[in-house]
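Chemist: Okay, here's the structure, questions in a sec.
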Amino acid sequence: MSKLPLGKRLKIRSMVHMAAEPIPNFWPMRTFIHHNPLHGLEHLPFEQAVRQGEKLFHARGFLPREDYQRYHKEGRVDQNSIKRDIADFISKQETLNGLDLASLLSDLMCSVKNKVTRTRALADHDDVFQALHGKQLENAEALDLKALTQRLCAQFAPERPLYEAIDLLFGTQMGTTLDELVIKSCLDFFDEGQSTIQMPGRHQGLFAAWTALAKRNLRLFLRGMHIKQILDQDDTPEGIIAYILDELGIEEAHWDGLITRELTRLHGWAGFIRWRSSSKHYYWAEQYPGDLIDFLAIRLVLGLALIREHSRQKRTPMTVKVLQEYIEGHTAECYLRQAYYGGCILPAFAHDVDDALSHKKPQRINNILPGYLRQQRQFEATRQADALRDLASKAGQTDALMALNAPQIKQLMTLIEAFENEEGMIWLRAMESVYRREIINQIQLYAPHKKEKRPFAQALFCIDVRSEPIRRNLETVGEYQTYGIAGFFGVPVSYIGLGKGSEVNLCPVVITPKNLVLEVPVGATSIETDFYSSADHVLHEMKSSILSPYFTVEAAGLLFGFDMIGKTIAPRRYTQIRNHIEPKAQATRLLVDKLTREQADSIVRSLQRAMIVRAIHQEFGIEREAVTDAMIRELREAAMDNYHEQTEFARRFALSPTAETQFIAGLKKDYKINRSFVSMQMERLARIGFSLDEQVFYVDKALTSIGLTENFSRFVLLAGHGSTSDNNPYESALDCGACGGSHGLVSARVLAHMANKPEVRRRLAKQGIQIPEDTWFVSVMHNTTTDQLSLQDLDLLPNSHLVYLERLRNGLRAATRLSAAERLPALLDHPSPNIDTLSAQKQIERNASDWTQVRPEWGLARNASVVAGGRHLTEGANLSGRTFLQSYDYRLDPKGRHLENILSNPLIIGQWINLEHYFSAVDNEHFGSGSKAYHNVVGRFGVVTGNLSDLRTGLPAQSVLKDGRPYHEPIRLLAIIEAPAAFTLEVAGRLPKVMSLITNGWITVVVVDPETGDRLFYDRGEWYNLNNDPQYTPSVKPLLEEELSA
């Protein structure tokens, strides 16, 4: 029983959940979901959130100045934008006579490598003024112990974990030890089948299972960590949290801040646990529950045990109060300790300080301190003066600087510090200005001309930026018309693949699907047979493994050896040979249609009969051939309370009335053959498939949302996309974000099935969408690693279309080769200038098969914009694979429902992808996941660096950096929307989340108004017409009224 009242326990749970808000969720790697690392701070303006994120995650929110300066030299930065922002900044400052601040700040950005304002613990502006003029510092020997004490106590605020303060003062490294112990505990508990030894008692939950082990952990006890004494104080994680925080002497007012700091030390693990505990249908979470309250309690237990261990061994403080008293009583010692163990000691004093501290010589410490403070103060003042002098020299304003008096130097230093805090945003806006001008000047605002000739084929691609090159190239090789749509084709669905035991949600993570689709083999003798293998997971709560089948160590080793040799020496050829030798994948169909009640009832009965056969064999050892169908049917009726006489089974096998009653009771309880479970089974079966009304709705929605409602071609290709690469834990990060990090082919097959159904087409015709009889929707797999386009389910293709099939394949093949030749140079260190398309395709295929290849494709790197509008806006423009292309025609959307959907789904997903790349590029070590070369897969759900580290949550260096420099250009997503301005703002106003992202600057927006020709850009609370900016090419005249109504 907990000693803590229920109200206090609930308060602590709420406190932990609130403290975890800034920590983003982290999904398992097998379904990698792009996310904004600062998602929990999106309620703040972008610039403010970045600053807070820098403090929370000890990261950098903007590129180093040197990288921006390189972009500036390459013409990727708008100098006019920099000038405007500098002028705006200066207008808010007091003037400094004699200094040209505009020139000074411009040179600071473009000519000075390092920050001008330096960290100063002791030197003030008067000291800097003296150093600037080569004078000795005044009162250099002065020693204000009270001020030092206050500075030290402020440095060790109550929100800072006590062990961090002790580490900094005594070099104990408890924080590192604590992190390692917590990580090991997480690895043991959250493992999903990778480890050969499983942690016992996991079904009890994280805290209970860990407690049971920790109380008996002899190794920790022998080293002096008396964990059992702590755990005996309460048997709930909330009670333990309250006990420890009270024991450490931390006032409740500071609990929020301390909890956030504890969680962000391992924000990868915290993000995974946070996601896992909120995922209701995640198999491993259902089996082995654990949440952040458990995680925090374990961390605090281990932390307190370490603090007590070190206190006994090294006499370090055990509470916040004792720490403060120690600082007040040993100020000189603590000041030198934090400098020495913090790594910022002046080199000339390092040996003396080390000797004095290690031999505990108080008098010597007191003697060292005055000279140390004098030297540190002089060092800080001289370093700051040198930085100011260097800046003035580069700006040609040395005389003006030297003419400033001490108060003016203070004013200048304050001004420069404030400017350098804003500098990152100035660089960012200037880079965005260049890209915005480039893409807007490529947009063609003209009335779409109706083409009389029917296209040979129409193709619907995912809006993914990797679709832009293949779409553009496909349009150049023939009479192809392409569209952009979210990769789940607007149909949210859960999916169970053939032979799989778990559902996969194929839709954006912000949507929860209601319908379930099953994959079944072609040629099954009956629908019951299909379901018997595919629907077992849906109908029974059995522990089915989602892992690959086991095979012997010898066989695994042999296969591994062949793979290692083949995929290293000749990866492309080896893959071709292996694919030829291995059996082809079984042909399958998707169960897309809703079941009738008779079908569902037949399935339930079939499964119940199978369970009764299993029960008879398990309970009595009787084989199936000894039991008649009539016996099974009678037992089923008895279990369902429809039959109350002695059964034929009991008579045949001489069961006593008691044995028969017990067996039937077991059928009800253990084998789930009862009325309530049948009702639940029928409800679950009702999830399978889509009704006719639903199918009509989704096909209509998909077609009208992209403006494809007439002039259908013979082939309408639905291209779902995914990637192929070997030895790549981040493979799902290259798959379809709109499909929850899975391949998009299933979604394409689902919509194709619906759109090809005659009943659906008849209903659509009544709604005004006439799909010709000779139009056939074909699902296509778009492999983004190789740009291959593979036609699917061709056995369903009407005979009348076979004659056109080779022409279609030739066009797709040509587009593939053109795209390969376009993408290859960026993947090579030394690309050939004259590589032909066939050779490019072969090299791209080799990369996909080569498991030594750390970068099989660039994925979504360099993504920068999303365009929602007609293809005429960008047709013929080379957008360099940087743009999400969403087809949209506002004229078919009078109520704005389709635009609502685009803004609240594809735009949000695009923003997550964009900011994942942005932050992984600006600070790959903290927001990204570092180099793949040091990664190890853990638990089958994540990666760590080396053997032990926080879960790496962002993108690896190989996804965003090239030769150590950003390959991804880190700018915010630019949304370009083609629709009347008033209409767009009215629709966006219905979506508070979207408006918040716009007004807080997480995305930038340009509205292209086809009725007025205006191009309106939103920036910091104001709308600006880009037509008034001479840097933008003039837009064409507005569309004529008769054209709009045509």
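Just so it is clear, glycine is given a Cβ too, placed from its N, Cα and C backbone atoms.
Predicted, not measured: the structure shown is a model, and the values here were computed from it.
Below are the features listed in Swiss-Prot for this protein:
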BINDING   C462, D464, H721, C736  Zn(2+) binding site
Chemist: Applying the rule Cβ within 8 Å of the centroid of the Cβ atoms of C462, D464, H721, C736, what extra residues of the same chain belong around the Zn(2+) site?
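Modeler: Residues close to the Zn(2+) site, other than C462, D464, H721, C736: F461, I463, R466, S467, G487, G720, G722, D735, G737, A738, C739, G744, H782, T784.
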Chemist: Using a 10 Å cut-off on Cβ-Cβ distances across all protein chains shown, tell me which of the binding-site residues (C462, C736) has the largest neighbour count.
Modeler: C462
Chemist: If you draw a 10 Å sphere around the Cβ of D464 (Zn(2+) binding site), how many other Cβ atoms fall inside it, taking every protein chain shown into account?
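Modeler: Its Cβ shell of radius 10 Å holds 28 other Cβ atoms.
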Chemist: For a quick check of packing: other C-beta atoms within 10 Å of the C-beta of H721 (Zn(2+) binding site), how many?
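Modeler: H721 (Zn(2+) binding site) is surrounded by 28 other Cβ atoms within 10 Å.
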